[in-house]
Amino acid sequence: MLIRRRALWLTIPILIIMTSHKIMCAFDLSHVHSESCLKIQDISSDTINFTPNLVMFRFFSNETHSDVFHLPKCIFDSKLTSYLFDHLNIYEDVSVYKNNFEKYYMGSVEGTYRTIIIKGEDTTPYLDKTTAPTVEITEKDLIITYQGIRYMNPFPVLSLIDDESCEVFDDINELILPYFGKCRKFYLNFGSVTLFGHITSNFVTIKYTAQNGTDPYTIRLFFGNSAEIVHTLPFEAQDLALRMMMYDDFEIIGEVGPVKEMLKSFKLSLLDSLLEQNHEDVMNDFRHVFEAFYNHIKKIRDGSIDIKSLHIEQLLDSLLAYSIGYYIQYRYPPYTGKWRGIEHFIETETYIHMVPELFDLFAHNMTVKTPTRPNAIKFINILIRLYSYTDYTKLDHRGLSLYFLKYIYQGNVTDDIATYAHRYMTNLYTKYTYPKTQEGEHLYKSYNDSLDTFILNTIGLKSKNKTLLHHILLLQTGMCNIQNMIGHFHSLQNNDPKFGALLSPCYRSLRYDLTAKKIGQLITKESLEPYGRLVNMVRFMTKNSSMLNVLKCELPEDDGLLAIATVDNKTYIISSRPIAVGVVYKATYTAINLFLYVTRIQNNTCIHIDKVYRDGDVKAVYTFSLDTAKDCGDMCPSVLVEYQTNTGFIGIHVINSIADIQYISENRKLFPESSHYLWLLKNDTVLELEGTNFFLFSSKSPGAIVLYIIIISLIVWTLYEIIKLFCYKRQWQYQKL
């Protein structure tokens, strides 16, 4: 049984806040001091008479007994007191209290209240400092190694020590008194609705205002330790709570009608599942985040949710689970008596800072105000050194996660992060575009690789390093291909809601032609109509995504734009008609009424055009002889634009090295004979490659010369034998005659 002490109804809460930090809030706390508001000379006087400076409160428990309370008058002259009293509504009469009870949603009245008993275990790898007899101190007060596993001190990395102080519940009509303390703010934009959130060391809260027809309504969600907040009269935590546990409560604060409507989309059964399985396990919280997103995507795919039926409540399941995980990761008090597994920290902390990017795909924008974290930066640098990622040769998921967290904590992409990200992106692209198996590969054979592609996209978009940005976006546009679309479609059917399974390199690439119709044209072996609905939804929510990162203007996606390719410092617009000022190259082998144009623009500045444009000279090439002993030169990086006569634009292939060209030459079965290619070189040359064996290789290396001599000798010897045989046969026929 869960037992809570209920305060007396007539108790007046007096909240005194002492702080040395600057607090950003509606009330200016600079006037709050720790000394008494009574004059010092009055207190030190021999004959103290406090009566003129006191206010007396007398409460009768019966006719003969009463309790008397004296409070200094100066308390009521305080600006802070006036501010708090404005939120208390103490002058309202009983009828107003009654109306509020009927107006606001209460779980106990509506029959939705439940007490939750946690059944699952917290599987977070902790190590008790007092029970570990022999540990290796890797870094004093920060890292230890026990039985081959590294552990960390959660403090100060997993704390809000670097965050600004702020005020929560500052609106005059809130049912909770203002709370002052350290907090991390986040925002989510969904159409015309802006959702505000605060993560503190004691709770997390979310508030948004939306429209029900023409009437606006406000709803606040609260999860955490309700003992750390004070509700306004006549409410207490028990009145507003829908779920209560030993340490944390879940409250919904809103009027009856809007909350009932919200609960049609926001399923309390999913929250119950999370809480019963143990929400104190952060990894468990994120499993529920991904499962909620998986269910949301499933509804988009089957048509239950479309663009016209979108509303904020459809994302509240995943948003609340994410907020709970964030709060648990940073809550107070930290596990000061326990060390925490570093591998677990890296994974959960990466999820915490990457999930907002996932929300960006299905809402219009999500922002978390993360401060600069000096202690955390120092800690991550230690881990990068300990795990041997400083020389950029060890490219794996953990290394990328560490460099990503370094970017998050310091707020900018430094050269070391850019170098690691650049190499990692090249490695991923080569792995799946030019695979060693010599078979068509897709990204979803490893969900970590899919997640890493999304992490790299985030680093690139947030970087001021244009070389890195162009490199990542170009390669991810290339990875938005038929194999990866089919792989993603199947991964969403496997009922395996992992983070990587939810993502596609198409989501924030520079490819804009993937309508449901185009996907049907590209993939004819099976119907991907449900996948087309998903791509259309993300395209709608992330309109012109990544475009303004490479262009100084915005091109309309529905006006013939197919893709954008950034080759070295050149930008090419691939479209079904000329749409920007520049040098325009037209593909040759397209059907009637089907066109493909490539426009090279200057200085990333695009000016929209309608009809008049400058033709570029496209050189037709049947074979292209390359020397493997030489550098790539103007051919690296370069882009092959693939298209077909009846389908039009298929995709792009990025060439980063001479090995990529050699791979294409040796694995022509991976490149359909029905396709044609425009080759965009970085020296402003555009070639049209014709035929199926357009790359021929030569070499001047000694080994190759010896090999060629042997081959030529064999050819000469074979010809000699054929001629000899022919001559012998003719001679025999002559003799017979």
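Cβ coordinates are placed from backbone N, Cα and C, and glycine is handled just like the others.
Note on Asn62 (N-linked glycosylation site): other Cβ atoms within 10 Å of its Cβ, all shown chains, come to 6. Sequence annotations record features per position, and here Swiss-Prot assigns N-linked glycosylation site to Asn62 (among others) based on sequence analysis.
The DSSP secondary structure for Asn212 (N-linked glycosylation site) is strand. Other Cβ atoms within 10 Å of the Cβ of Asn212 (N-linked glycosylation site), summed over all protein chains shown, number 11. If you look up Swiss-Prot, you'll see Asn212 (among others) marked as N-linked glycosylation site, on the strength of sequence analysis.
Under the heading N-linked glycosylation site, Swiss-Prot lists Asn365 (among others). Shown in sequence order, Tyr187, Leu188, Asn189 are the residues of the chain, 6+ apart in sequence, with a C-beta less than 8 angstroms from the C-beta of Asn365 (N-linked glycosylation site).
According to Swiss-Prot, the N-linked glycosylation site annotation covers Asn412 (among others), on the basis of sequence analysis. A sphere of 10 angstroms centred on the C-beta of Asn412 (N-linked glycosylation site) encloses 12 other C-beta atoms.
Asn448 (N-linked glycosylation site) is surrounded by 16 other CB atoms, counting those within 10 A of its CB over all protein chains shown. Mapped onto three states, the DSSP output places Asn448 (N-linked glycosylation site) in helix. Among the features that Swiss-Prot reports, N-linked glycosylation site is placed at Asn448 (among others), with the record citing sequence analysis.
Other C-beta atoms found within 10 angstroms of the C-beta of Asn465 (N-linked glycosylation site) number 20, with every protein chain shown included. Annotation source Swiss-Prot lists N-linked glycosylation site at Asn465 (among others), citing sequence analysis.
For Asn544 (N-linked glycosylation site), the number of other Cβ atoms no farther than 10 Å from its own Cβ, over all displayed protein chains, is 14. Sequence annotations record features per position, and here Swiss-Prot assigns N-linked glycosylation site to Asn544 (among others) based on sequence analysis.
Annotated N-linked glycosylation site per Swiss-Prot: Asn569 (among others), in sequence order, evidence recorded as sequence analysis. Around Asn569 (N-linked glycosylation site), taking its Cβ as the centre, 11 other Cβ atoms fall within 10 Å, counting all chains.
Every protein chain shown contributes to the tally, and the Cβ of Asn603 (N-linked glycosylation site) ends up with 8 other Cβ atoms within 10 Å. What Swiss-Prot lists as N-linked glycosylation site is Asn603 (among others).
Residues or ranges marked as N-linked glycosylation site by Swiss-Prot on the basis of sequence analysis: Asn683 (among others). Here Asn683 (N-linked glycosylation site) comes close to Asp634: these same-chain residues lie at least six apart in sequence, with C-beta atoms under 8 angstroms from its C-beta.
Per Swiss-Prot, region 'Interaction with gL' is recorded for 191-253.
Summarising the annotation, Swiss-Prot assigns signal peptide to 1-25 and lists sequence analysis as the type of evidence.
Residues or ranges marked as topological domain 'Intravirion' by Swiss-Prot: 724-737.
What Swiss-Prot records for 703-723 is transmembrane segment, and it gives sequence analysis as the kind of evidence.
The glycosylation sites recorded for this entry are Asn212, Asn544, Asn603, and the Cα of Asn603 lies nearest to that of Asn569 (N-linked glycosylation site). Taken together, the residues of the region 'Interaction with gL' (191-253) have an average pLDDT of 92. Among the glycosylation sites Asn62, Asn448, Asn544, Asn603, none has a Cα sitting within 10 Å of the Cα of Asn412 (N-linked glycosylation site). Put simply, Asn544 (N-linked glycosylation site) is 29 Å from Asn212 (N-linked glycosylation site) when counted between their Cα atoms. Under DSSP, residues within the region 'Interaction with gL' (191-253) fall into helix, strand and coil as 7 helix, 37 strand, 19 coil.
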